[in-house]
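Engineer: What Swiss-Prot records for this protein is below:
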DISULFID  Cys95-Cys187  disulfide bond
CARBOHYD  Asn3  N-linked glycosylation site
TOPO_DOM  1-23  topological domain 'Extracellular'
TOPO_DOM  49-55  topological domain 'Cytoplasmic'
TOPO_DOM  78-98  topological domain 'Extracellular'
TOPO_DOM  119-137  topological domain 'Cytoplasmic'
TOPO_DOM  157-194  topological domain 'Extracellular'
TOPO_DOM  218-234  topological domain 'Cytoplasmic'
TOPO_DOM  259-270  topological domain 'Extracellular'
TOPO_DOM  291-312  topological domain 'Cytoplasmic'
TRANSMEM  24-48  transmembrane segment
TRANSMEM  56-77  transmembrane segment
TRANSMEM  99-118  transmembrane segment
TRANSMEM  138-156  transmembrane segment
TRANSMEM  195-217  transmembrane segment
TRANSMEM  235-258  transmembrane segment
TRANSMEM  271-290  transmembrane segment
Amino acid sequence: MNNKTVITHFLLLGLPIPPEHQQLFFALFLIMYLTTFLGNLLIVVLVQLDSHLHTPMYLFLSNLSFSDLCFSSVTMLKLLQNIQSQVPSISYAGCLTQIFFFLLFGYLGNFLLVAMAYDRYVAICFPLHYTNIMSHKLCTCLLLVFWIMTSSHAMMHTLLAARLSFCENNVLLNFFCDLFVLLKLACSDTYVNELMIHIMGVIIIVIPFVLIVISYAKIISSILKVPSTQSIHKVFSTCGSHLSVVSLFYGTIIGLYLCPSGDNFSLKGSAMAMMYTVVTPMLNPFIYSLRNRDMKQALIRVTCSKKISLPW
């Protein structure tokens with residue numbers, strides 16, 4: 001029988017960075033984090049300040065940007081601290097806290113992608129009824145439901161993880177406290193934890209993904225009924241950004257969790273985890289903004305209005 005012990009901290013050894021390269025990686029990750037933070041913050045601020053962006057699509061986009069901002073902060077701030085201090089560790093309480101917020105904002109972004117897909121479906125397939133269907137009340141209710149579901153989901157998994165017992169091994173082969181890695185260290189029975197992960201995984205990941213696929217299948221079906229260059233261009237212009245983000249989000253998750261290698265959280269696993277915790281949130285503002293005329297015009301309006309309001 002394994003000897004159980006009280007674990008006060010975990011070592012995060014998912015990114016074995018040589019000491020001579022510590023500062024280089026610190027600068028790289030800091031730039032990536034600041035790009036993520038400022039890019040997503042800009043979208044949130046623009047949607048709040050510009051009345052032209054007070055639409056369902058940009059309401060969901062601003063919430064997605066806020067979610068991405070927080071999602072990246074959950075892992076990156078601790079990673080930067082560990083690289084700078086050269087002590088890659090996290091306390092037991094800090095680990096559970098990180099798991100809670102990681103799940104909360106990760107799955108919140110997942111549901112927001114579903115809402116945005118539904119918004120595009122209604123806009124393209126039912127343009128005359130769009131305002132009535134995508135009412136402010138419906139959007140607010142959806143956001144409230146998303147927050148409640150993801151908070152409950154994150155709290156359930158965190159509480160289940162808190163009841164686990166651990167042996168002497170406190171090494172987590174990742175750069176943050178990942179629930180899957182934590183379960184591998186547990187000495188106590190993890191059947192309930194794994195069962196709930198699979199059950200909730202279907203509800204939180206699989207069902208939303210299916211809903212997104214159905215939404216776009218209906219959009220494509222609607223366009224094919226009246227094929228024209230203008231309608232096809234409209235679909236790509238309104239859905240291209242969203243499809244890119246969906247592909248990034250689900251592509252990395254499928255590659256990491258559904259198609260694992262022999263050692264799921266080896267260096268390869270940590271690199272893939274870096275993709276969806278850091279790279280995807282960093283790219284989202286560029287994907288949604290660079291070719292988005294509304295966002296560019298909003299930035300110009302907000303910037304010009306601030307200049308005009310200055311006393312000099």
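Each Cβ is built from the backbone N, Cα and C atoms, and glycine gets one as well.
The shown structure was predicted, so the numbers you read here are calculated from the model rather than taken from an experiment.
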Engineer: Which is it, of Cys95, Cys187: the one of these disulfide-bonded residues whose Cβ has the most other Cβ atoms within 10 Å?
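Structural biologist: For the disulfide-bonded residues Cys95, Cys187, the Cβ with the most other Cβ atoms within 10 Å is Cys95.
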Engineer: Give me the DSSP three-state residue breakdown of the topological domain 'Extracellular' (78-98), ordered helix, strand, coil.
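Structural biologist: The topological domain 'Extracellular' (78-98) comes out at 15 helix, 3 strand, 3 coil.
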Engineer: Could you give me three numbers for the topological domain 'Extracellular' (157-194), the DSSP helix, strand and coil residue counts?
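Structural biologist: The breakdown for the topological domain 'Extracellular' (157-194) reads 17 helix, 4 strand, 17 coil.
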Engineer: Averaged over the topological domain 'Cytoplasmic' (119-137), what pLDDT does the prediction give?
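Structural biologist: On average, pLDDT over the topological domain 'Cytoplasmic' (119-137) sits at 92.
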Engineer: Among 56-77, 195-217, 271-290, point out the range having the most Cβ pairs under 8 angstroms from the transmembrane segment (99-118).
Structural biologist: 56-77
Engineer: Counting only CB pairs under 8 A, let me know which of 56-77, 195-217, 271-290 has the most with the transmembrane segment (24-48).
Structural biologist: 56-77
Engineer: Could you count the residues of the topological domain 'Cytoplasmic' (49-55) that DSSP puts in helix, in strand and in coil?
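Structural biologist: Reading the DSSP string over the topological domain 'Cytoplasmic' (49-55) gives 4 helix, 0 strand, 3 coil.
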